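The transmembrane segment annotation in TrEMBL covers 23-44, 71-94, 106-127, 139-160, 191-208, 214-230, 292-310, 322-340, 346-365, 374-393, 399-417, 471-491 (among others).
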Amino acid sequence: MKLPNIKISKITERILGKRKSEVYTPLIIVNLLMIVFQTVYIFLRMSYVNPQIPFWYSKFWGDYQLVPKNYLYILPFTSFILLGISYLLILLLGKYFIRYVKEVTAFFVSIWNLSITVSMIRIIFIASSPFPPIINPSYLNLLMPFLLSFTASSLLLPLFTNYVKSKDLITNPSVHAHPAMILQRPTARGGGFFYGLLFVIFAVFFVGIPRELIGFYISIIMVSVLGILDDYQNTHPKSNYRALENPMLRLVLLFAAVSTVILSGIRIPLISNPFGAPIDLNAYTVMVGNVPFPYVSVIISMIWVVWILNLLSWSNGIDGQYAGIIGISSIIIGILALRFNPIQTIHTRVAIMSMVSAGLALGFVRQTWYPSKILWGFGAVSAGMVIAILSILVNSKVVVSVLIILIPFMDAIVTVFRRVIQRRNPLVGDKGHLHHLLLSRGWSVPRVALFYWLTTAVFGVIGIISSEKYIVQVGLTVIGAVGFIIVLMNLKSARDKKLPRQLE
């Protein structure tokens, strides 16, 4: 029997593809993560490991195989040395232009390091006293909501993008001008509406329709519909919804949508007071019939939620930025929801909905990353609604909520003051936001997006690990520092714009 004449190089080309860096770089990252995992896992389990462990399996059975438990650190050290040797080998052989030497070397090192990782885990399990799980089982229960929502948004968003394109829901920067727009090519809109729709579906699937969440669901649907209508009028100048172009009308409609969830009972009950006891907002009531109505709590809660919707929407100016902010903020809120002891039903529900939100938002990354295939549009306020309401449900202090979205929060405050000082409508967009300033200083769009991702994660972690006793002081210090930096950047930008005029 004659075998078909297939060249090995062609098979290799198919496996590795034309862009070889897509194979090599992820393998190196995986190896580095394995080394970090080995080191951290050994450190966390060391107190449970027996003084003597089986290590030299190539020797005779018995005492010959035993070594002190500190020998475990040889394993990550060996993995690191192997990775270093492979890198030197690649540098040495690179001058000979051997095809795929990097990819093949990285592949074999990955297999070797994986075997070391498996051996390390096996040794620890057979030579340790019983130990508790590193990850709280409560967190593991959140994996399914996250993974299902992430998979759904990743798979369905491209289909939705094609659908809205067929309906001509497309923003063309040469036709649909906007003061803050940096879009360079026609792009579909409506991503925020799709997020809101999927969120309600998955939230109902995982947590049901408890009475205390009905108002929340209705508000999400209301702002999502408002968002898609605004996107429609934005891309169809002759539509019947053109009145939504008025920012004051949009603001009134946002308050109407938010009032549904606030009047259903989800409100801010307390405000932290750095000078004394917390301020109880429910203490200020008026009688409506025979029922006390906490008007101060209702008013402050409505203003707070609408403020969060707008400031997050303002941080939706560049590709990839918003999905990361919403995804990471949702994860932080989910972690905060499980900090209580004991954990009540509402805390579990908030954690699950947070993971649904995180999965949906991060599933948007591929379609909204630079250059984006679809924009969130005005429906982005639906994601802002989720963040604002979940932070209230988790009983997070206002200062912690601010820390989670600190950069967008301070950027919004500075922007409003700047527009008022310039005698301009604070609701009308411009190119003075922080992401615009960073772009003007030569930052690329992906770099700015990753900056927002990183700062959201860092300040969120600060909010998690800070002691309840000192969280207000820590929060105010960080908020003041970030606000000062953003103000300086705005002043420098204003000065740079004046200099060319003076030279003329």
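Positions of Cβ are set from backbone N, Cα and C atoms, glycine also.
Sequence-distant contacts of the transmembrane segment (106-127) (same chain, six or more residues past either end, CB-CB distance under 8 Å): 23-24, 27-28, 30-31, 34-35, 37-38, 41-42, 45, 49-50, 52-55, 69, 72, 75-76, 78-79, 82-83, 86. Each of 71-94, 191-208, 346-365, 374-393 was scored by its Cβ pairs under 8 Å to the transmembrane segment (214-230), and the highest score goes to 374-393. Within the chain carrying the transmembrane segment (139-160), a Cβ under 8 angstroms from the stretch's Cβ atoms is held by residues 190-191, 194-195, 198, 202, 206, 334-335, 338, 351-352, 355-364, 366-367, 373-374, all 6 or more beyond its ends. The transmembrane segment (322-340) is not in contact with the transmembrane segment (23-44), judged by fewer than 3 CB-CB distances under 8 Å for residue pairs 6 or more apart in sequence. Sequence-distant neighbours of the transmembrane segment (23-44) (same chain, 6+ residues past either end, Cβ-Cβ under 8 Å): 16-17, 72-73, 75-76, 79-80, 83, 102-103, 106-107, 109-110, 113-114, 116-117, 120-121, 124, 134. Only residues 6 or more beyond the boundaries of the transmembrane segment (346-365), in the same chain, are considered here, and those with a CB under 8 A from a CB of the stretch are 138, 142-143, 145-154, 157, 191, 195, 198-199, 202-203, 206-207, 210, 212-213, 320, 322-324, 326-328, 330-331, 333-334, 337-338, 340, 376, 383, 386-387, 390, 393-394.
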